[in-house]
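Asker: Pulled these from Swiss-Prot:
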- 15-37: transmembrane segment (TRANSMEM)
- 345-362: transmembrane segment (TRANSMEM)
- 367-389: transmembrane segment (TRANSMEM)
- 396-418: transmembrane segment (TRANSMEM)
- 438-460: transmembrane segment (TRANSMEM)
- 472-494: transmembrane segment (TRANSMEM)
- 535-557: transmembrane segment (TRANSMEM)
- 866-888: transmembrane segment (TRANSMEM)
- 908-930: transmembrane segment (TRANSMEM)
- 967-989: transmembrane segment (TRANSMEM)
- 999-1021: transmembrane segment (TRANSMEM)
Amino acid sequence: MQVLPPSSTGGPSRLFIMRPVATTLLMVAILLAGIIGYRALPVSALPEVDYPTIQVVTLYPGASPDVMTSAVTAPLERQFGQMSGLKQMSSQSSGGASVITLQFQLTLPLNVAEQEVQAAINAATNLLPSDLPNPPVYSKVNPADPPIMTLAVTSTAMPMTQVEDMVETRVAQKISQISGVGLVTLSGGQRPAVRVKLNAQAIAALGLTSETVRTAITGANVNSAKGSLDGPSRAVTLSANDQMQSAEEYRQLIIAYQNGAPIRLGDVATVEQGAENSWLGAWANKEQAIVMNVQRQPGANIISTADSIRQMLPQLTESLPKSVKVTVLSDRTTNIRASVDDTQFELMMAIALVVMIIYLFLRNIPATIIPGVAVPLSLIGTFAVMVFLDFSINNLTLMALTIATGFVVDDAIVVIENISRYIEKGEKPLAAALKGAGEIGFTIISLTFSLIAVLIPLLFMGDIVGRLFREFAITLAVAILISAVVSLTLTPMMCARMLSQESLRKQNRFSRASEKMFDRIIAAYGRGLAKVLNHPWLTLSVALSTLLLSVLLWVFIPKGFFPVQDNGIIQGTLQAPQSSSFANMAQRQRQVADVILQDPAVQSLTSFVGVDGTNPSLNSARLQINLKPLDERDDRVQKVIARLQTAVDKVPGVDLFLQPTQDLTIDTQVSRTQYQFTLQATSLDALSTWVPQLMEKLQQLPQLSDVSSDWQDKGLVAYVNVDRDSASRLGISMADVDNALYNAFGQRLISTIYTQANQYRVVLEHNTENTPGLAALDTIRLTSSDGGVVPLSSIAKIEQRFAPLSINHLDQFPVTTISFNVPDNYSLGHAVQAIMDTEKTLNLPVDITTQFGSTLAFQSALGSTVWLIVAAVVAMYIVLGILYESFIHPITILSTLPTAGVGALLALMIAGSELDVIAIIGIILLIGIVKKNAIMMIDFALAAEREQGMSPRDAIYQACLLRFRPILMTTLAALLGALPLMLSTGVGAELRRPLGIGMVGGLIVSQVLTLFTTPVIYLLFDRLALWTKSRFARHEEEA
């Protein structure tokens, strides 16, 4: 029977040691809560950090970019600009389309933003053109966010117009109703319509004009209320044949009489079933298709949204004819799941490595089981808190748990090692557990709260970067806190029941060999430490050198923002000469598609040509290249992009810009390259002067590649210069001229055909097959005030000019975006600095302002990094100062930090990695890790001075030897916890590797140096404290 120690021993652990059943059940409750939480947690690529974003699209077929800007975009922008919480407003006005993107503050709920947008649209309605075919339509989506899923719909037996009609009605609408879906777009533009192609010569010969035809069609096809009859006994609803449904009915429409004979529409026009917009087209691989892109709402969970679509697809495709084939070409969640699976595997690997290192040091199965239980218990228990905080299982939270593997075992190791030491001295397990746990309790609290203090500044980071790492910091802090609780409750209780002198003394051949090895290492360390203490100034110079070296490395290391991920999808923009037509662009696109599909890494390709709100001009095309899974291709995405661009360079007359899709999207515009830089002015003239000059300079910079601009001001324009005096004499107004031109060349939507399921348009235009180009303008006829027909050429001259193909605004002012990539041998920091230097040399006028796009977040993150690290150090100093009731000891502990910085930065440079936000988080974590060596040394040195009356030198020397094994064990555990991240090669490895590299490098260097520098600095500050006390005492005596 064991004699129980006094109730004063054991500290907070005593209750749990003495009540094993209650302690066990408490831990089981934590375990069950964590398991339930894990099953309830959603899965995503990254924490949800999207800005609330809404896109407003207005289509006005036939309108020029200038008309779209002044008549549609500007009135809407004025209303939107008055909304509270608006962070940024950008717009793009192109031929027939206006797209306004509204990005709100992170704190504004999306539903509130939606209400404000709807109110603003309502307020602007009276200012918009009266003949606008449809009112502005808004969607809760970020247009720069790549689709979560892309589907291609093809058919070998049906025309594309019928295919799109069925897909829009039976598939797209249903998918739009799924929770989390923000927008479903159908690219390909094959919406059914009745197209009326007027024969200009025929109507001119009959003395008619296109306006006569338009008036006749709109008057003949109506769908309005007619009333009802209510008699004494019966009620009758009135109806009529006021609707025409088919092209054949329109052919028979009488548009005028001449000499008593009817003139039917079919006599002067070709009337056929066709597409609403003939200048739109989409292809899947080499086959014409309807391409369906599904985008999520900002903040929606991508995995659950995609799962819902997958579940609904079989049911939707069953409603389509068998000749219609629906193919899922890309699904971003495939790579997200693979990335999360790889991270989970690395987490399990980290746990296995940590348990292995524990056994290597403790050489005892019962002693290994105890921390082996503490690690998974701490990690699994964290899931319960994550559910409560609405977190998700994503790459960052799993990275936090992987790193936590090395952290959470530290507490258990320190407790076990201390209790084992007393058992080996002959004390009973229960007494040793009470004594050891009570003695080490303060150290555990110091380790825990000082490490959590390092994470506090991460919670106060602003904007999107702060939101991004909040889940990481809190997840890690919760795991560390649960670990501390487990180490002060379950660990000493298990030590009291599972450890004994016999089990600790029982050794096999491996145990004896490893014991001798550790004894030799400790002896060698003791000899080295004695020499270092005899030459303190040399050691201090090494410590100062690491501080200076860390500053130099910080200055010179390449800096980036966020690792470029390989998600298996490449977005592309194909650019042709600005005067390119739709037919010309479609042909070039097919040539490029043939080249791309020959690459062995490419699985499928979708492409789109035309202007419909997603593409700005006819001379550009959008491409989405879907790569094979990572394990089925030899190269990562950057090498594939380089290879594709080299191959496409052989296609004449086109430029191809490619960039890999990323899980983190900050910009609101689809860009040609990875990074953007904007020039904003008060007028388009200022941009036309300075953009070419800046582009010329930037294209010469070696720090940039793929430099391009969306400034296109060489679009061909046929300017109709009307002689107003001549027109007025003939009774012809400018409205008559505009109407005649719009009727002929605007694919004008003049009437609507209503059916039970959908609505279709009647499109009016001139048949220009026999009069191509500017010659078609000679066929335009106008009606004078006396009823005569007047050629347009008699009152107007046609001038060929140049004008912008699209007009972009940022916060209501003209803007152009310069896109660029960064070559492999340079960093984003180099590129940003080179752009800023170039900007200074040009001496831009004051009315031109510049701003970075996604790189603005990089500048903001980089600017706050130093303060973030300073805040972490200050937070730790405050916590340690409170815990030790000392101003000096925290400085001794913090003196270990420069060594970690040197190791991390050197490792990143050797590995060729940039110092990005992921690596910076690793350095901040190192601040919390490496100080534990000093804490364990100083705690025992102070206890030896206080309880055994040792001198500071003897106390710190003994503390270093006594704590060498747990220090080495905990450092190796943390290192092995980060090792799987450093060696990661699977999907999403680009995101995880910088964290692992920085931590492994920092831990190795700090472990080697702090074992020697910390004792010397401890003695230095001890002498400084004695000298300060003596000075104060002398002053008091003199006083």
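Cβ from N, Cα, C; glycine included.
Walk me through the surroundings of each of these features.
Answerer: For the transmembrane segment (367-389), same-chain residues at least 6 beyond its ends with a Cβ under 8 Å from one of its own Cβ atoms are 27, 30-31, 33-38, 40-41, 347, 351, 354-355, 358-359, 397, 401, 404-405, 408-409, 411-413, 416, 420, 471, 474-475, 478-479, 482-483, 486-487, 490-491, 494-495, 498-499, 503-504.
Tertiary neighbourhood of the transmembrane segment (396-418): same-chain residues 46-47, 340, 343-344, 346-347, 350-351, 354, 358, 361-362, 367, 370-371, 374-375, 378-379, 382, 386, 436-437, 439-440, 443-444, 447-448, 451, 468-469, 471-473, 475-476, 479-480, 482-484, 486-488, 491-492, 495, 499, 925, 929, 932, 936, 965-966, 969-970, 973-978, 980-981, 991-992, 995, 999, selected by CB-CB distance under 8 Å and a gap of 6+ residues from either end.
With a threshold of 8 Å between CB atoms, the same-chain residues lying at least 6 positions outside the transmembrane segment (438-460) that come near it are 9-14, 407, 410-411, 414-415, 418, 466, 469-470, 472-474, 476-477, 480-481, 483-484, 487-488, 868, 871-872, 875-876, 878-880, 883-884, 893, 921, 924-925, 927-929, 931-932, 935-936, 939, 943.
Residues of the same chain lying 6 or more positions beyond the ends of the transmembrane segment (535-557) and with a Cβ under 8 Å from any Cβ of it are 895, 898-899, 901-902, 905-906, 908-909, 914-915, 1009, 1012-1013, 1016-1017, 1019-1020.
Remote same-chain partners of the transmembrane segment (866-888), defined as residues 6 or more beyond its termini with a Cβ less than 8 Å from a stretch Cβ, comprise 442, 445-446, 449-450, 453-458, 460-461, 894, 897, 920, 923-924, 927-928, 931, 935, 938, 1021-1022, 1024-1025.
Among residues of the same chain six or more beyond the transmembrane segment (908-930), those with a C-beta under 8 A of the stretch's C-beta atoms are 403, 406-407, 450-455, 457-458, 465, 468-469, 472, 476, 553-554, 557-563, 827-829, 861, 865, 868-869, 872-873, 876, 896-897, 899-901, 971, 974, 978, 991-999, 1001-1003, 1006-1007, 1010.
Residues 45, 335, 338-340, 342-343, 345-347, 349-350, 353-354, 356-358, 361, 395, 399, 402-407, 409-410, 413-414, 417, 565-568, 630, 922, 929, 932-933, 936-937, 995-997, 999-1000, 1003-1004, 1007, 1011 of the same chain lie 6+ residues outside the transmembrane segment (967-989) yet bring a C-beta within less than 8 angstroms of a C-beta in it.
Sequence-distant neighbours of the transmembrane segment (999-1021) (same chain, 6+ residues past either end, Cβ-Cβ under 8 Å): 403, 525, 528-529, 532-533, 536, 539-540, 542-543, 546, 888-889, 891-892, 895-896, 899-908, 910, 922-923, 925-926, 929-930, 933-934, 937-938, 941, 952-953, 956-957, 960, 964, 967-968, 971, 974-975, 978-979, 981-982.
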